[in-house]
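Chemist: So Swiss-Prot lists these for the protein:
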| type | residues | note |
| --- | --- | --- |
| COILED | 549-577 | coiled coil |
| COMPBIAS | 458-472 | compositional bias 'Low complexity' |
| COMPBIAS | 473-482 | compositional bias 'Polar residues' |
| COMPBIAS | 527-539 | compositional bias 'Polar residues' |
| MOD_RES | Met1 | N-acetylmethionine |
| MOD_RES | Ser291 | phosphoserine |
| MOD_RES | Ser460 | phosphoserine |
| MOD_RES | Ser493 | phosphoserine |
| MOD_RES | Thr524 | phosphothreonine |
| REGION | 454-483 | region 'Disordered' |
| REGION | 514-546 | region 'Disordered' |
| REGION | 533-538 | region 'Interaction with HCK' |
| REPEAT | 55-98 | repeat 'WD 1' |
| REPEAT | 154-194 | repeat 'WD 2' |
Amino acid sequence: MELGNGKLPRTGLNSLNQAVHPTWGLAWTDGNRVVLTDLQLHSGEAKFGDSRVIGRFESVCGVCWAPVRTVRSPALLAIQHRKLVSVWQLCPSTAGASKWQASQTSEVRESLPILPRGCVWHPKDAVLTVLTAQGVSIFPNVHQDGSRVKVDVNTKGRVYCACWTLDGQRLVVAIDSNLHSYIWDSSQKSLHSCSFCPVFPVNCSIRSIEATGNSQVAIATELPLHKLCSLNASEALDGPPNGDDGSVHTRPVDEQVATMDMNSGVTVSPFSVPLDLTHIHFNPSQAEQSSLICLRKKDYLTGTGQDSSHLILVTFKKAITITKKVAIPGILVPDLIAFNLTAELVAVASNTCNVILIYSAAPSSMPNIQQIQLESNERPKGICFLTDRLLLIAVGKQKPSEAAFLPSSEYGQYTVRLIVREMAQGSESSGTSAESQGAYSDFTALLSKADREKFTDSLSPGSSPLSQGLLLTPNSSTQSGRSGRALIQEIKSPLSPLSSDSVVHETLHRPPWLCPALPRPSRTPEHTSTPELNSPQRENLQKEKETCPLSRELEILSRHLVAMQQYLSELTGFLHKEKRVAPAYPPSQDAPYVHLIYQNPCSVGPTERRAVLLCDGKLRLSTVQQMFGLHLVEMLHEVLSSIPSNHMVTHNLHGPGGLFWSV
């Protein structure tokens with residue numbers, strides 16, 4: 001569905017966040033108008049209906065619906081302007097069923113510009129949260145009065161985004177690289193900091209956040225470019241195990257969280273000493289030199305696994321905070337995120353990249369299960385899940401003239417349209433379902449167990465499983481033996497064919513066709529409260545986890561290998577067709593150029609003298625013809641009686657306009 005041209009923010013925007021209402025449909029803006037479009041689902045397909053303009057304004061940055069309280073209660077729509085938020089009430093008109101009326105109920109003004117995602121509704125009540133770069137305010141009764149609850153941020157950092165947990169009891173605010181957690185008292189209409197974890201450091205700038213549970217949020221962090229040049233050499237690099245191997249060996253630390261004093265909240269960064277990389281020489285192994293296509297283990301040159309942006313699940317418990325991290329390949333600033341509770345899917349995208357990645361938010365693993373590719377000149381300006389199968393995407397397309405130059409403002413002109421993409425059949429969070437198993441049974445039957453083990457060993461020889469999560473306990477100072485420092489325990493997973501984080505390598509080190517991350521099975525960590533299975537069930541579960549994802553990986557890998565083989569054959573053909581000329585450097589006694597002198601007997605003026613370079617000791621007559629503007633050039637073959645002492649040779653050439661010779 002085409003929405004037309006609009007003026008939208010270039011970054012940090014999710015125009016479809018809280019934009020769908022079950023009764024009133026989809027609310028959207030083109031920068032000046034606020035439009036409602038009917039949206040209905042029939043047989044698993046989205047159908048767009050008529051559109052109605054409810055208002056025209058000087059500037060509109062975004063719109064979002066308040067949660068549905070009761071069927072007959074009026075719907076509240078927050079319209080975000082630059083420094084103003086107006087709340088409108090929509091209800092059916094008494095004149096007729098097809099009539100409706102909209103009226104403004106309240107208005108919120110801020111001294112600073114409101115963030116692109118600066119309006120966040122409470123999931124259960126008509127409580128509006130307004131974000132600026134330096135503050136957060138809560139309006140408990142925004143549709144009745146303008147009473148404000150100021151959030152005590154207690155820091156000078158920049159606010160990027162915020163969200164409520166699904167139960168509405170916790171507000172999580174992302175400030176720079178920290179998560180600030182607050183508890184909401186709905187009866188007293190007050191907010192206070194979390195007692196056990198008021199500030200949780202992530203060590204990377206947080207660009208987007210979305211609630212995934214009653215006590216869990218998903219955050220997306222950007223690529224920390226400023227930290228790649230300030231890694232600690234002692235923590236990043238390990239020496240070679242023997243003298244024969246000169247390649248770089250690094251410690252497989254995939255996830256690292258800055259140590260935190262739970263009492264004082266002071267963050268101690270381990271990145272202080274600069275790393276000198278000038279002495280490092282990379283020597284490929286013999287297997288890599290002989291193989292046509294070589295799949296290597298992840299390059300741990302950056303030491304801490306911070307060579308890409310990350311998707312992190314943070315769970316707030318009463319006495320524990322758990323994080324799970326997975327890399328986001330190819331997206332530097334992931335400022336778009338959406339979540340579907342039924343399918344446990346997380347969609348991650350960026351306003352500056354044409355790729356949308358779908359991850360499974362299952363407790364045991366977070367594999368990248370699908371990638372949506374837009375056109376090269378298209379950018380996602382909003383994403384949201386309509387159902388567990390359908391993802392609604394607002395696609396913005398810039399003019400070629402605007403895309404060719406650096407942006408001069410925070411806003412740009414886009415041609416916006418809506419598209420719906422269906423999730424893949426294998427996108428269920430349960431990797432052991434019967435449907436997933438049957439979908440790849442034919443392919444798996446072709447592989448014996450020995451072949452699968454051999455293929456797995458060839459992909460990652462000697463590799464150990466990477467961390468799937470971090471366990472941070474408040475009473476860890478007594479366990480670690482260090483006062484004031486928290487214990488960071490790596491949660492190991494069983495051996496698997498491919499690690500989700502090791503396969504998801506940065507696109508700077510990989511060809512584009514190998515960018516999608518391959519799914520990997522994983523087992524629930526031991527610290528979780530999962531009921532213990534008996535031995536036969538555990539064996540069957542392990543077999544299913546080994547077979548289904550491995551067949552999926554092999555199928556994707558086979559397609560990539562076929563495509564790579566085609567590219568290599570085309571490249572070989574180009575090399576054979578190319579005519580290679582290895583010109584020999586002329587001897588010092590031979591001049592690589594000649595002097596051409598042209599004399600016209602009909603003209604009284606001076607002769608023309610030009611120096612012309614020779615190509616392999618030859619000069620084309622057509623070049624001479626074009627140089628002097630002749631219609632015809634004829635070469636006379638003569639027998640030279642003698643050669644001058646200076647080894648110069650004279651050739652007489654006759655043309656229709658006179659005589660010229662080369663010396």
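Including glycine, each Cβ sits where the backbone N, Cα and C put it.
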Chemist: Taking the Cβ of the residue listed as 'N-acetylmethionine' as the centre, how many other Cβ atoms fall within a 10 Å radius?
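Modeler: Result for the residue listed as 'N-acetylmethionine': 15 neighbouring Cβ atoms inside 10 Å.
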Chemist: So how many of the residues in the repeat 'WD 1' (55-98) end up helix, strand or coil by DSSP?
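Modeler: Taking the repeat 'WD 1' (55-98) as a whole: 0 helix, 21 strand, 23 coil.
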Chemist: According to DSSP, collapsed to three classes, what secondary structure does Met1 (N-acetylmethionine) have?
Modeler: coil
Chemist: How many of the residues that make up the repeat 'WD 2' (154-194) does DSSP mark as helix, as strand and as coil?
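Modeler: Split into helix, strand and coil, the repeat 'WD 2' (154-194) gives 0 helix, 24 strand, 17 coil.
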Chemist: Per-residue pLDDT averaged over the repeat 'WD 1' (55-98) comes to what?
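Modeler: The predicted confidence over the repeat 'WD 1' (55-98), as a mean pLDDT, is 85.
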